[in-house]
Amino acid sequence: MADPTLFITDIFSSNNSSHHTELYGEERLIVRRGQPFVIVLRLNSDSKDFKLGETSFTLIVETGPLPRKQSGTKFTFSLSDHTVDTEWSASAISNSPRNTVSVSISSSPNSPIGVYSLTVDQEGQKTSLGQFTLLFNAWCPGDAVYMRSEPERQEYVLAQHGQIYRGTCKRITGTPWNFGQFEQGILDICLKILDENPKFVSDADKDCSARRNPIYVSRVLSAMINSNDDRGVLTGEWVNFVGGVHPGLWIGSGDILRKWAKSGPVKYGQCWVFAAVACTVSRSLGIPCRVVTNFGSAHDGNANLVIENLYNEDGERIDSGDSIWNFHVWVDSWMTRPDLGSEYDGWQTSDPTPQETSDGVCCCGPASLRSIKEGELTKKYDAPFIFAEVNADVVDLVRQSNGEFVKFSGSTNSVGRFISTKAVGSDKRDDITHQYKYPEGSKEERKVYERAKHNNKLQQQGEVPGLHLKIKLSDNMMVGSDFEVYAVLTNNLMEARTCNLMFFAKAVSYNGRLGESCGFTSDKVTVPAGEERRVSLRLKYDSYGSVINSDRLIQLSAIAINKQTIDYHKAEKTIVLDAPEIKIKLMKEATVNKPVTAEMTLLNTLPEPLKDCSFTAEGVGLTDGKPITVKIEAVGPKQEARASVKFTPSSAGSSVLLVNFDSDKLRNIKSFINVVVKY
């Protein structure tokens, strides 16, 4: 049986060194996920000899206040011959000296980060082995934050000092900053930030489970670094700094984080302070992170990707809600984006400065730099706002005396300039503008901007860029005629799309019950970017006449399939065929208690004769409360059915004469005429 005091002191230095956590400088186990670490178990003197490959026990690791296997916050595993790098596993690697056993434990590279408890279960007797902290692992290929380059890992995970660029695009100044992610107590404070976030408070189980995902963690940090919606770290202030520290006086993150841990939100921060603290927390948790400065940074208040500078006729500015900051600072974090696709992996922008809300909270991102550069603004999260920060157009408008605004100037290249971060391995400035946008004024840059505006408009309208399928109808769909209906494919993407389209027509009842088929066509369709293509289906009376019922309903269904992209689109529409009109004419003015005749005609629109034809008329105060039915002979194709009814109004005033036509093939055709009965 294992003794409760199982960790041997010298395992900390060896594990922490191999896991690149030795800089935390603490006598505790801090490891990175997806990578083995070693513990040493000291056995009781009265325990049976431990024999490699024969003796076994079970290990239990748990994180969060409500650990559950279903949530991925509790794992149970037994000793095996070797560890695997895709899941929690353990193997005994030595038992020398005799009363000790060295055990290698490997964690899943997809495990939630946080503080874990470790328990050994031997034949039902459980012994707590203590705790360890699990972090993201940029050195593990299976981890979502994996970086290939060792110099980049050194810079974006391990470097505790950096440069934050400020000033103007014509005078850029580097400001030194102490990130201090390995300072005493900072890691615990960073974990405390996660535990203070409202999502943890409302559902701790779900929140802890989601901490496996750096996308989720980055979004939580974006909200928690500012204090607008929660007990976040920093309070923003741009005018009055009474009662707090001027943002320009901070030189490092450690002091801010310790003040927050002690007494809550810290006064005050501005964009570079928010970003620097976010970088510290991200690196402390193991997410590669860099601080980025955007010169000429747009704040697009109405999400139209245009910064509108409004003036009155005296040249005075009018507040439009839009603005351009001399510079603005945010962070980029490195991770995969399985929610978007592998092409969007890499740097992701998050902005912890409270500007606009996202999902009701002051946070922004993470948004893939690929989506920003390519103008793919429907990609999560907050891509339109970030795109506008680096690539909005600027227009200058003057409000005339009649209230109308007239454009008098503008620029397409004043936003998003000299986007800067500290270079890897040196204090030099690295211009990364090309990672965010194509060269200013280039064809590619203008093309992306127009795409972004288009996608943004679609998004605001609730549409998603891609293929859109709908059904359009002919103007004339009279029962008995042959007519065309159309499946219309519209391509809102910037490249052509090809798909297989199938177009069906079936009779249907008003209650939705489908009948027999009355039309089908299929085709392979290529739709150029920004265009539409139609596939027509001709519905012939010979096909639908015998299967429709008196409701005259046909259900149209179009399906477009792109098997390569596994893209499916469907459009459905039920149509009602037009019926011929019953024409009603009173032969004289209606008078109380005097007979009057109404003539009724109907054109047989079918290409075949109608049999068992009849007209039925009825009206309150007109037909003595009873319907009057007149049967007529068969009506040939394209011929008129004619009949007349005689009735005697019983009361004066306004009334309505209702008429119904019936036959073997045309049924439930109705019309009416208003009748004013005089004395």
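In case you wondered, yes, glycine gets a Cβ from its N, Cα and C as well.
Predicted automatically and left uncurated, TrEMBL annotations should be read as such.
Taking all protein chains in view, 25 other C-beta atoms sit within 10 angstroms of the C-beta of Cys271 (active site). Positions annotated as active site by TrEMBL: Cys271 (among others).
TrEMBL lists His328 (among others) with the feature active site.
For Asp351 (among others), the entry in TrEMBL reads active site. Long-range neighbours of Asp351 (active site) (same chain, six or more residues apart, CB within less than 8 Å of its CB): Ser222, Ala275, Trp330, Val331, Cys364, Gly365, Asp382, Ile386.
As annotated by TrEMBL, Ca(2+) binding site applies to Asn391, Asp393, Glu440, Glu445.
According to TrEMBL, the domain 'Transglutaminase-like' annotation covers 263-354.
Long-range Cβ proximity for Glu440 (Ca(2+) binding site), meaning a same-chain Cβ under 8 A and a gap of 6 or more residues, is found for Thr412, Asn413, Gly416, Arg417. Cα-Cα distances to His328 (active site) place Cys271 within 10 Å, out of the recorded positions Cys271, Asn391, Asp393, Glu445. Rounded to a whole number, the distance between the Cα atoms of Cys271 (active site) and Glu445 (Ca(2+) binding site) is 27 Å. Note: the CA-CA distance between Asp393 (Ca(2+) binding site) and Cys271 (active site) rounds to 22 Å. Cys271 (active site) sits 19 Å from Asn391 (Ca(2+) binding site), counting Cα to Cα. Per-residue confidence over the domain 'Transglutaminase-like' (263-354) averages 89 (mean pLDDT, predicted model).
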